[in-house]
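**Student:** Pulled these features from Swiss-Prot for this protein:
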type	residues	note
BINDING	Cys67, Cys68, Cys133, Cys162	[4Fe-4S] cluster binding site
REGION	202-224	region 'Disordered'
COMPBIAS	203-212	compositional bias 'Basic and acidic residues'
COMPBIAS	214-224	compositional bias 'Polar residues'
Amino acid sequence: MKYTLTRIDPDAPVERYPQEQRQTVEDPLAQEASRGIMIGRLEEVLQDTVNWGRKNSLWPYNFGISCCYVEMCTAFTSPHDVARFGAEVIRASPRQADFMVIAGTPFIKMAPVIQRLYEQLLEPKWVISMGACANSGGMYDIYSVVQGVDKFLPVDVYIPGCPPRPEAFLQALMLLQDSIGKERRPLSWVVGDQGIYRPQMPAEKDRKRGERINVTNLRTPDEI
């Protein structure tokens, strides 16, 4: 599997945020593990164990901007049982949360606030962009709206829709869990930039393209 190595680039231009340098690499543990090297196998087991704990205990930060936040809150009601994913513990402070959901329209005045809250999240941290407005500005192609939160934040999962259904939010959690399960992070006591390896997951539209092309009987709106 291809991985994206992300490192902090302090010499990057100030107007670029986050100040990261990315490059595509191979799995850093696959080569050592395939050769049967003891240290490589041990590190692979440790990585899988730590990732298992992280992906099954995702604490979201309670933050919403606009109408998509209503659908996000609906996903936390009893019919959807978000506790299955270990994400029912909503945090009131970003310092106690694992990931942040940008649910709503990111206005330019709100962008510095979102960026500040993201910086207060402790590593490891992830971002989900929920809804058309957060993904690309939606129908608000105007001066006061940022055309996508990925202009100033690194986004891990995009949820399409206006607004997305609660089931779409649950699917995004599962996709984020799959991505976290394949991550490679430093297991070290050294404080500082050591690089993060994130898997290059295939887009859902590409993965389901063949299945959707083969659909011949379209359901009516009342059957969906």
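The chain as shown is numbered from 1 upward.
Cβ from N, Cα, C; glycine included.
Keep in mind it's a predicted model, so treat the numbers as computed, not measured.
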**Student:** I need the neighbours of the [4Fe-4S] cluster site defined by Cys67, Cys68, Cys133, Cys162. Which other residues of that chain put their C-beta within 8 angstroms of the C-beta centroid, in sequence order?
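**Tutor:** Not counting the recorded site residues, we get Ser66, Ala103, Gly104, Thr105, Met130, Gly131, Ala132, Ala134, Gly138, Gly161, Pro163, Pro164.
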**Student:** Which secondary structure state does DSSP assign to Cys162 ([4Fe-4S] cluster binding site), in the simple three-class scheme?
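**Tutor:** DSSP call for Cys162 ([4Fe-4S] cluster binding site): coil, neither helix nor strand.
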**Student:** Would you mind ranking the binding-site residues Cys68, Cys162 by how many other Cβ atoms sit within 10 Å of each Cβ and giving me the lowest?
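**Tutor:** Among the binding-site residues Cys68, Cys162, the sparsest Cβ neighbourhood within 10 Å belongs to Cys162.
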**Student:** Does Cys67 ([4Fe-4S] cluster binding site) have same-chain partners at least 6 apart in sequence with Cβ under 8 Å from its own Cβ, and which are they?
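**Tutor:** Cys67 ([4Fe-4S] cluster binding site) has long-range Cβ partners Gly104, Gly131, Pro163.
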**Student:** Could you count the residues of the region 'Disordered' (202-224) that DSSP puts in helix, in strand and in coil?
**Tutor:** 12 helix, 0 strand, 11 coil
**Student:** Using all protein chains in view, find how many other C-beta atoms are within 10 Å of the C-beta of Cys133 ([4Fe-4S] cluster binding site).
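**Tutor:** Its Cβ has 28 other Cβ atoms within 10 Å.
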